[in-house]
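Heads up, the thing below is written out as structure tokens.
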Amino acid sequence: MSESEGGKDTTPEPSPANGAGPGPEWGLCPGPPAVEGESSGASGLGTPKRRNQHSKHKTVAVASAQRSPRALFCLTLANPLRRSCISIVEWKPFDILILLTIFANCVALGVYIPFPEDDSNTANHNLEQVEYVFLVIFTVETVLKIVAYGLVLHPSAYIRNGWNLLDFIIVVVGLFSVLLEQGPGRPGDAPHTGGKPGGFDVKALRAFRVLRPLRLVSGVPSLHIVLNSIMKALVPLLHIALLVLFVIIIYAIIGLELFLGRMHKTCYFLGSDMEAEEDPSPCASSGSGRACTLNQTECRGRWPGPNGGITNFDNFFFAMLTVFQCVTMEGWTDVLYWMQDAMGYELPWVYFVSLVIFGSFFVLNLVLGVLSGEFSKEREKAKARGDFQKQREKQQMEEDLRGYLDWITQAEELDMEDPSADDNLGSMAEEGRAGHRPQLAELTNRRRGRLRWFSHSTRSTHSTSSHASLPASDTGSMTETQGDEDEEEGALASCTRCLNKIMKTRVCRRLRRANRVLRARCRRAVKSNACYWAVLLLVFLNTLTIASEHHGQPVWLTQIQEYANKVLLCLFTVEMLLKLYGLGPSAYVSSFFNRFDCFVVCGGILETTLVEVGAMQPLGISVLRCVRLLRIFKVTRHWASLSNLVASLLNSMKSIASLLLLLFLFIIIFSLLGMQLFGGKFNFDQTHTKRSTFDTFPQALLTVFQILTGEDWNVVMYDGIMAYGGPFFPGMLVCIYFIILFICGNYILLNVFLAIAVDNLASGDAGTAKDKGGEKSNEKDLPQENEGLVPGVEKEEEEGARREGADMEEEEEEEEEEEEEEEEEGAGGVELLQEVVPKEKVVPIPEGSAFFCLSQTNPLRKGCHTLIHHHVFTNLILVFIILSSVSLAAEDPIRAHSFRNHILGYFDYAFTSIFTVEILLKMTVFGAFLHRGSFCRSWFNMLDLLVVSVSLISFGIHSSAISVVKILRVLRVLRPLRAINRAKGLKHVVQCVFVAIRTIGNIMIVTTLLQFMFACIGVQLFKGKFYTCTDEAKHTPQECKGSFLVYPDGDVSRPLVRERLWVNSDFNFDNVLSAMMALFTVSTFEGWPALLYKAIDAYAEDHGPIYNYRVEISVFFIVYIIIIAFFMMNIFVGFVIITFRAQGEQEYQNCELDKNQRQCVEYALKAQPLRRYIPKNPHQYRVWATVNSAAFEYLMFLLILLNTVALAMQHYEQTAPFNYAMDILNMVFTGLFTIEMVLKIIAFKPKHYFTDAWNTFDALIVVGSIVDIAVTEVNNGGHLGESSEDSSRISITFFRLFRVMRLVKLLSKGEGIRTLLWTFIKSFQALPYVALLIAMIFFIYAVIGMQMFGKVALQDGTQINRNNNFQTFPQAVLLLFRCATGEAWQEIMLASLPGNRCDPESDFGPGEEFTCGSNFAIAYFISFFMLCAFLIINLFVAVIMDNFDYLTRDWSILGPHHLDEFKRIWSEYDPGAKGRIKHLDVVALLRRIQPPLGFGKLCPHRVACKRLVAMNMPLNSDGTVTFNATLFALVRTSLKIKTEGNLEQANQELRIVIKKIWKRMKQKLLDEVIPPPDEEEVTVGKFYATFLIQDYFRKFRRRKEKGLLGNDAAPSTSSALQAGLRSLQDLGPEMRQALTCDTEEEEEEGQEGVEEEDEKDLETNKATMVSQPSARRGSGISVSLPVGDRLPDSLSFGPSDDDRGTPTSSQPSVPQAGSNTHRRGSGALIFTIPEEGNSQPKGTKGQNKQDEDEEVPDRLSYLDEQAGTPPCSVLLPPHRAQRYMDGHLVPRRRLLPPTPAGRKPSFTIQCLQRQGSCEDLPIPGTYHRGRNSGPNRAQGSWATPPQRGRLLYAPLLLVEEGAAGEGYLGRSSGPLRTFTCLHVPGTHSDPSHGKRGSADSLVEAVLISEGLGLFARDPRFVALAKQEIADACRLTLDEMDNAASDLLAQGTSSLYSDEESILSRFDEEDLGDEMACVHAL
């Protein structure tokens, strides 16, 4: 219920919903309304309840405010019908009723049993009648709501709400189905088979009614988080969905090309249509596929294909379905094996393995990345919201309390008139009036005190004491209650008196004391460590007794277990009673473990008594015995890290509970839908019953849950398709249901589990880290610190435990630190792998002698040292390691004595001797093991030594019979591990994995304990019950004898005889170990449905299964899967991911840039501009323009899409004309793409064409396609007689792929996809070492597998067969890859166990035929699965989540993936990749790049200029900026890297940081991106700041003028002057705001208006430039400066006659009185920057040449001949055509005055940022002044902020030499003053400034008072302002001076203090040139 944000007024208007206003009790005074059912006597305690009521009323009121005035065009709000509807709809019970109806409806749908063939029964018929009732209720609800809210037009109308719309559709569909049912029935229908009208199944639509429970979601806040994060993630998930779809489409089309029609041949008996095999698979009539080996069989076509013809590549849709199935990693190996049978081994494995790696490992892991990112974001938001809510509730309580107290006081005042009022009330009222209001806490405490009814004494004291202070109403209510209780109290009092007397006797006192002592002792005993360990020992014994149970155990063991159970139960009961007595009930109950103990003990007692009495079987509750095992978790008390983990698990339980609710709703909805679609339809195969069906509601739930876990979901889908008539049109649509269910359930919901786990662990991890820090710093405070964490009961022991834990942890940490010091600097995780691996440091010879005889200086030792560190030596050893590994893989596992093995044996001798020599050399250098730094002190060296010694020993023992030798031979496999020590990056990954394993330890313990507990429960439930007879008709071992007949496929003509055997299930629960094994396979989701159905059918020990005997037992498996597989395994995975992340972030800890900043800066430093070729030749240029045009791009895009469609149209058995058409189309497309290639080659010339990777790719495809056509034509022409398949084999398989590859070009088009691809490639760069580690693990396991299981015979029908075996190295690797994807790995494990048939070619002895395989298989496969599934695959996930965090990050944060765009667009401005562009183009460039990097198209030009002010890129002497500097400045400002504080200092710090991270960085590049302080030149930022200030001045001039010119002439000069000064004062804040670059608050003028005014400005005011004296003229290069508002093209900057005629003053700063010269801004300012080393006067010749190169359009020169201004060019931007297509506007350029020759221009700038401003981007810091500025000048002085609370941007100063002589660069005599109070300086006589009047002083004073002191110090500015005021007031300057003197004489001077002159000559000079950019005003 959301409270309305605002008002404190908690008394709403009465609304139709609550009906009542203030009740009668509150009649006396205004107050809170009475709520129904609440008595008038309620006190302040009622506030929370009442507050909720208020909030409800508020919402209702708000809602009514938003209601549509009319509903259905006729019902107004006053209409009684509508009012009654509204009150019904908003009545709470109505909501509850509807929800109950929804539940009832779900139940009805669930109870309904669908029958095959639309059959039915009475129950179903009755349920269909009930449907009508539901329909009526829902229809009524809908109608009422429509009447109440209106239908659709108003925003708050009924259908506008999503949930309502859903309801509406469901109701309409329901009514529609009823109408259809009433239609004429089909002949022959039974009267009660409803639901199938007109042949259309409306029940399927009815099932949508089941979506209604989703309305519950709005009631549970934690569900909101889950749903919100899923909803939020949908947008990035859509991107990924597109990528997945793209992968699927490409693979589907490749599949069509390669595998079209390959699945339709199988082995038939000669001359008949009978399939030769029971389980047929494809074959090949020729080539390298599977041949039919049985006699009388042949390979031929017309077989529908595997899975009834559903799995194939016969057309595009089948291909997509098959590819999707492979991407989900279910059943992909079957498809692969069928393809290998049909085609041979060359191509299929490449196709399928690459598909699984890309589609599953990479793309689908992105889903996880996105979800976990979104989830953590959402959780943070929710947390923030929660905190805010609590804060608000607290405020609300206080407010309510205040309201109540005021109201009580008022009531008392009214009561005062009543003489009979109690004295207490009077005093209370006084207290209230005196302001002694009780606080909320006080009131609640008193209330609590009064409720202690069991303590009479406390009550009496409270009743007396509280009367004085409680509010009157409270006291009233108390007296009432006391009145009621008086009678009882009489009796109570007498009892109490008796009791008191008895208690005071001596005996009782002694007893009490004894009791107290005994309790204290008990408490101490219970809390002692001895007791703790004793209990743990008991738990351990209990565990042992339970774990020792197994099937077929001897009688004595059973008896022992029974006795042990009873004894242990007694002991646990004693412990419980002792605790209860010692601690007291309340303290006992407060601990969670105690409550749990109590529950278990009571359960045990109950179970034992029931069994003894014989009331029940000794089974059901014996499960409770197993629950006792949970007591093991008591260990956590002494194990800090484990208890942290358990805490964080319990923490995530909360989030997971809400997720489970969502999951449950999801499963119910899909189960009901499944029942409607498939109920009773899975009976198409009569020969065997399907178990995963939708025939009843529980069964449907199980099936949906199975699909959710992804196990064999494809099999259920095949059944669904076959139920609807097989792989033809309508039946195939069924797959949509399964695909949606699988995607939503498995990918989204189950990944949210993992996301929650990762998120909670990450936050828990942070907590633990903090705790560790805390523990280290204040161990003394441990007791106090931990009091809050522990229940009061167990404080002392907890403290002890924690102290110990802390000490242990400290020791561990110290050890870790030592280890880390030994390792080379920091184990960087996944991230570091990208870094260039630095050269290994040469380890010096350690001190001490080697072999006791070679000293440190021994020449032999030195020589060896040089040798082993020589790079040739190390590389050679690496090569030998690789070669020896290859030789291992090449061995023949079957025939040990084959020729190949002999040769490899000799190689082995060679390698071993080389490695032995290496080790001896190293021992010579480092010594063996006695001293520090010696050879054997390193783990990796020990590994080397082990591997070599194993090889040496195995040479010594020759007899291969000894199993030791076999083991030693297997150990040679560890050789590749020696490479780890050689490759630095690999070492990092391995260290990372070890850290992960160490961290995972705790989780392993918790998971194993839980697994063990479930295994014990499983043993109790299922031991000995999984036995079956091979003949299903027999149920006991006694019956199961002899043989029986089998009819395959129900064919009576072919009976087979089989023997009856009594067999156990492969996975069973006969003992705890088997149970753990079985449960482990369940937790990997492999084969668990089979186990589940066995458990459901299990009946009793030594009795066969009974179909669906106990369906409820499935709860055991579901709970196990949720707790272990969903939750614990995901936490496991989450931990790995977090560990890798933490390892990766370690390297960012020491430097000041975070990961994202670092990546962006690295990109900016390393990026190079792209070259863009622009041809000179006009014809070539035309082609180039065409090829580069957008239209051409779109045309090619369209062609590729059409090509894709054409490729996708192929299908199996297509007609000859269709074939011909496809060939023609292929040629057409190839021709078109060839033309594209030729055009591009003409446009770019081959050299430039092939530099772009995409072009090279295109060329390859075109050439391949042409070859493809040629080969096809030749084949078809030459071999018409032959079968086309084999002749065109080469072309079909290989060259056809080129057609498909064109699709990949689409990827280069879309923006989002491009970014995804970019990140993919980044991930791949981060993966090489991870991939290397995976390859090593695969290699080692493959070689071990070959040695151990290579001899097992290949038998069809088993898991070790022709497609899946260990006989060759590639086969072994493929088999392991299959296990890594989890495809039935447990079956391969079973097939490798001992007792399997040996391969006939292997060398086994007589009688050893069935001895192949090994028990080692269990350890082998489980360890491999754990390593792969949990560690290795998660390395992928970790890397991907690392690189894709931008998908979920706030898009407005700049990331490295944004920066490619900059390169692309820069190349348009700098086609030659010179790395520099005109600084004017920077604005245009940045407006073309979208935020966050650029400004975006919508950014106004002037705002863009403002943002450039913050960029500190150096401006070169030719007016250009460089590529890296621009990109770096963008990154720096966007990510706020060192932008605060003093800029010089920040720059210095940043330079240090960059040097520290990128040690090999070139100094030149560093100086380019961060100019060093001593060379600071003009930067773009300063340049644009100059322009902005000048522009502001012009604007404010115009505004002021508008304001002042309207007035009539002032009556007196003095008052006119005062008005002028006042207006100047008004202007102050505006000026300050302008200077803070505050764009937001500026008043917006219409752009058109501004332009018109500009036009008028130029036409009416013939003002010219103020010329500088000729001494200032020098060589210069003109740089144009953009202005925000633009001029029409028609306006020329050319000089007019009037301009030429206007005389200009030789005095630069004092305007002529009365002249119009300085009235308004003229056309341009000149700002020239000298070219270095070029002092001759120069025009724009060089510039023009460069401009021509850049193809700059027209230019206008603006010459003022008389004034002698140097020529200056106004440049229009080269991209004008692109940028201003719509408007006829070009930016007006302003140019600044020239700088004298021979010196660099240098700005002095001070920028003071306004506080609290985030949107402004000021340039911080004090900038460097020119080289000539004095060393003693106080640089920081201007930084003193003005006292107005708002800082200002000081304008920029262009310091120049020239006419004013040395004055402008003179030394400052003292620090510059900021403004203080208003004071007028004395007259200042300065020869260079002519006469100054009193008016100047007044203007200065006003400026200073307004915080514009910096302007006041500039005499030219003051003169200008004075001139402005004079013009505005229509005074001459002399009149103005006189008026000023009069004002001062009249005593205004008392306002000013005359202490000292503000303008000293030096200050003035320093500030004088401020107007360099503004003096044209």
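Cβ atoms here come from the backbone N, Cα and C positions, even for glycine.
Going by Swiss-Prot topology annotations, SER229 is found across the membrane from VAL611.
From the candidate list GLU1039, GLU1059, GLU1086, the residue Swiss-Prot records in the Ca(2+) site shared with GLU330, GLU711 is GLU1086.
Residues ASN295, ASN1524 are shown; Swiss-Prot lists N-linked glycosylation site for one of them, ASN295. Each residue in the topological domain 'Cytoplasmic' (150-161) has a pLDDT score, and their mean in this model is 87. Of the listed binding-site residues GLU711, GLU1086, the Cβ environment within 10 Å is emptiest of other Cβ atoms at GLU1086. Through the fold, the topological domain 'Cytoplasmic' (150-161) approaches residues 63, 66-68, 70-72, 142, 168 of its own chain, all at least 6 residues removed from its boundaries and within a Cβ separation under 8 Å. Two recorded stretches are said to be in contact when at least 3 C-beta pairs lie under 8 angstroms, sequence spacing 6 or more; the transmembrane segment (565-583) and the transmembrane segment (348-372) fall short of this definition.
Cβ atoms under 8 Å from those of the transmembrane segment (130-149) belong to residues 67-68, 71-72, 75, 81-82, 85-86, 88-90, 98, 101, 104-105, 108, 156-158, 164, 167-168, 170-171, 174-175, 178, 206, 209 of the same chain, restricted to positions at least 6 beyond its ends. Residue counts of the topological domain 'Extracellular' (1210-1224) by helix, strand and coil are 9 helix, 1 strand, 5 coil (DSSP-based). Within the same chain, residues at least six positions away from GLU330 (Ca(2+) binding site) with a Cβ under 8 Å of its Cβ are GLY710, GLU711, ASP712, TRP713, ASN714, GLU1383. Report note: the Ca(2+) site is defined by GLU330, GLU711, GLU1086, and the residues of the same chain whose CB lies within 8 Å of the CB centroid of those residues, excluding them, are THR709, GLY710, ASP712, TRP713, PHE1085, GLY1087, TRP1088, GLY1382, GLU1383, ALA1384. For the topological domain 'Extracellular' (1210-1224), the list of distant contacts is 256-257, 260-261, 264, 312, 314-316, 1272: same-chain residues at least six beyond its ends, Cβ to Cβ under 8 Å.
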